[in-house]
Amino acid sequence: MINKLVSLNNKKHMLIGASLIRITLGFIILYNYIIHYHQRSFLWGPNGITGFSETSLENITLFSLYNFSTSSLYFDLIYHLGMIVALSFLVGYKGKVTSILNFIFVWSIMARNSLILDGGDNISRIILFYLLFAKTTAYFSVDSYLKNKRKGSKETTEISVNHFSLRNLVHNLAILACLTQVSIMYLSSGFHKASGEMWQNGTAIYYILQVDEFSHPFFREILHSSDLFLVLATLMTVIIQLAFPFLLFNRYTRYLAMFGVISMHSGIAVVMGLISFSFLMIANQLLFLSDKEYKSLSSYVKQKYISTSTRLNVRKVRNTLPVSARSSLRPIVVLYDGWCPFCMKSIKRFQRLDWFNRMEFLSFRDKKVLEHYQLDIELLEKRMHSLQRSTQKIEDGIDSINRICKNTPLLWVVVPCLSISSTLGVGAKVYDWIASRRTIFPTGGCDESSCEIPVKKRPE
Amino acid sequence: MNAFILYRDSEEKTIDFYLNESRDKEAAKVFMKKYLVAFHKPHVITVDKNLTYPLAIQEAEGTNYNEVIEMWKKVVGGFLCLLFVIHFSVTAVHNTHANPLQVKYNKQLSFYIDPLFTQNWRLFAPTPMTSNNYFYVKAKLDNGNESRTTDWIDLVQYMYEKNNDNRFTPYNKLIRIPRGAYALIGEKDETVRKILNKVNEGELDEEEYEHLIENERDKLTEEKAIDLLNKFAEAHLISFFPENEIVEFKVLLVESEPVPFSKNGTENFENAEKYREFDWTKPQGIIPLF
C-alpha cells in the first residue's frame, strides 16, 4: 500500500489541469479588474463604500495591501499592479513568484470589500492558496515556452527515478488539496440544502427565481410554468452536490459527476445570471481530468479537426472542379446493385435526401466501377457496400444503410436504432433476408445474345 | 571464502564480520556501509594494504549520505501527508451542519480556519432568500438658491433591468451591495444561533458561551450595515445631482414577500410588503458611483 503510494509520487500529476486552471482563474481575476475599472474607487478605494473612517480603521483585522495608505494615487498604483500581476499569472510568466504575488493582490482586493463576493470568489481564493505549492506553468505558459526554447530542439523525457521526490509530493498534495476542497464544498452545500425545508419539498428554485437579483423575467416565466421542472431541478441540485465526492472514485462515474456539476452551473449562469460564480465553479472541474485524459482528448480533437479539414479541403477542391468531376470527390461512395429495381428506387430516395452532396451512388454492375474499386462481385451482390474516402473504411449491409443515414440529416433519428440492431446482429440478419429476396433485372450489362444473371450458388 | 573483520581499537574485540567470496571493492562497500551512517561514524579506520578499500569507503560514505537525505525526505513527506489529513479533517468538521463536535470546538475551529481558509458553502441553503429587497433614497438638496426635498429615488431596480439586458456589466456584482449590507444585520453563524437558542432556553450556561453572545458586537455590526447602505445611497445621489449640495438623506427599504408556491400563476397577486425607514443622515464625502 505504502509502496503504491510512493510509486504514485514518481511524477507530478495533473500538470495540464493545473495549467488550465491557472489560465481560467487568471482570466476571471483580470475580467473582474477590467469590468469594475470605472467603479474601482467606489468599490475598493479609500473614499469608497468600504472606505476608511476613524472607526473602521480600528476594526481592520484582515491584511490588505490597500490598507497601507488613504491616498487615491497609492490605491490606483496597487490596483494597476494587481492587473499586471494577474496578467502575468494568466500567461504563466515567472510562475512561482507571480502566483505568490497574485495571491497577495487577490487577497487584498477581496479583503477590502466582501459585499460583492460569492462562493466562487471564496473557492477561488482557497484554490489560489493551494496552487502556490503546485506547478501551474508546465503547459500553455511563457515559462514553458522559454524553457523549451532554451533547450532548443532537444527532446526531454521525464525519467522516473527511484529517489523519493519532495517536490513531486508537494505538487501532488497541492492538487489533491484542491480536489478535496472542491469535494468538501459540494458535500457541505449538499448537506445544508438537504436539511432545508424548501430544498426537501422541491420548491427552493421556485422561490429563488422570484428574487430579481437571481433571475431573469424571460426564464422565470418559462420555468414557473412547469411544476415538474421546478421540483426536479431542486431535487437534482441536492443530489448532484451530495453525490459529487462519491462519484469521483470511478472513472466513468467521475465523468457523470463532472457532467452534472457543469450542467448545474451552466444553468445557474444562464438563468440566475451569476456569471463569475458559475465560471469559477466550472473552471474547478478542469482539475478533475488527468494528463492522460487531456492528451487523449486532445488527440481525439486533433483527429476530428484533421478529418473535418480534409472534408473541407475536399469540398474546396470539389468546388473548383467542373460539375461532372465533383461527384468523384464526395466523402462517401455507395456501391449498389443497378439491376435491382427495389435498390434503385431506394437509392433515388437517398439521393433526394442527400442535401449536402456527401454521397456518390455507383452501380457495381458498371464494369469500370468494379475494376476501380476491386471488390469481390459475390460480396457486392450479397450486400450493398459503402466506402469512406477519408479513412478508406469499407462497410456493408446494415452498416452501409447506417452510413447513408448518418450522412442524411433527415434520417438521423433512425441511426441509434440501426446502430443497436447492427451491434446485436439482428440488423444484419434482417438486411440479408430482404436482400436475398430482391428481384434482379439485368439492364445495360446484356449483349445481344445473352445476359449474365447472378444465381444463388447451391452448396455442392 | 574470505572474511572482513571489524575490531574495536582499544580492546581488540570483534564487533562484526562479513563473509564473502571475494575481498573486492564491492564487498568492502557492503560491509562498511552500515558503519558509516552519520550518527556513529568511526573516527579512524585502519585497513590492510588492499588499495580498493579507501575507494570503497569513500563510495560507501557517499551512498550513506544520500540515504540519510532520502530518509529525511521521507520523514518530511510523511509529516506533510499528516498535515494534509489534519487540515482536511478540520476543514470537513468546520463545514458540517451544526453538530455537537462543532459546538464544542467552535472556537478552536474558527481559530484555525479564519481568515486564511474562511469558507461558507451554504450557497442558498438551508433556507434560500425568497423576498425582494427594494431600496430607495430621499434627499434634501441645496443648489445655492433654494433647498428642496426629492421624492423616493430607486436605488436597485434600474440595476436589475440593466443586469437583465446584459449580464457582462459591473451591475452583475453591484446589485449585491445593498442586500449584502443589509444582511449583515442579524447575521450569525448557524452554530452560534443554535447555541444562543439553547442559552435562552436555559439549557446552556450563559457565562460559558459569553464570547459568542456579545451584544455589543451586534450593535456595531448593525451600525456598520446601515453605514454601508447610506454610503451606497450617497454614491448614487452624488452621481444623480452633481450640481447640488446634499444636505442630508435617508434610505427606505421595501421588502416584498414572494408568491407562495400554491398561488403560482395567480394573476394580480399582491405581494405582502414590509417597510423600514432609516434615519436622516449627513453625507460622508463618498466617491460618485458613475
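One is the number of the first residue shown, and numbering goes on along the chain from there.
Backbone N, Cα and C define each Cβ position, glycine as well.
TrEMBL annotations: computationally assigned, not manually curated.
So that you can see what the record holds, here are the features copied from TrEMBL:
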DOMAIN    A:10-293  domain 'HTTM-like'
TRANSMEM  A:12-34  transmembrane segment
TRANSMEM  A:73-93  transmembrane segment
TRANSMEM  A:100-117  transmembrane segment
TRANSMEM  A:123-142  transmembrane segment
TRANSMEM  A:169-188  transmembrane segment
TRANSMEM  A:228-249  transmembrane segment
TRANSMEM  A:256-282  transmembrane segment
Apart from its near flanks, which chain residues at least 6 from the ends of the transmembrane segment (A:256-282) lie with a Cβ under 8 angstroms of it?
24-25, 28, 31-32, 118-121, 123-124, 186, 208-209, 214-216, 219, 223, 233, 236-237, 240-241, 243-244, 247-248, 288
The answer for the transmembrane segment (A:169-188), taking Cβ pairs under 8 Å and residues 6+ beyond its ends, is 8-9, 12-14, 17-18, 21, 119, 123, 126-127, 130-135, 240-242, 244-245, 248, 261, 284, 287-288
At a C-beta cut-off of under 8 Å, are there same-chain residues at least 6 beyond the transmembrane segment (A:100-117) that contact it? List them, or none.
26, 29, 43-44, 48-50, 62-67, 78-79, 81-82, 85-86, 88-89, 124-125, 128-129, 132
Averaged over the whole of the domain 'HTTM-like' (A:10-293), what is the pLDDT?
91
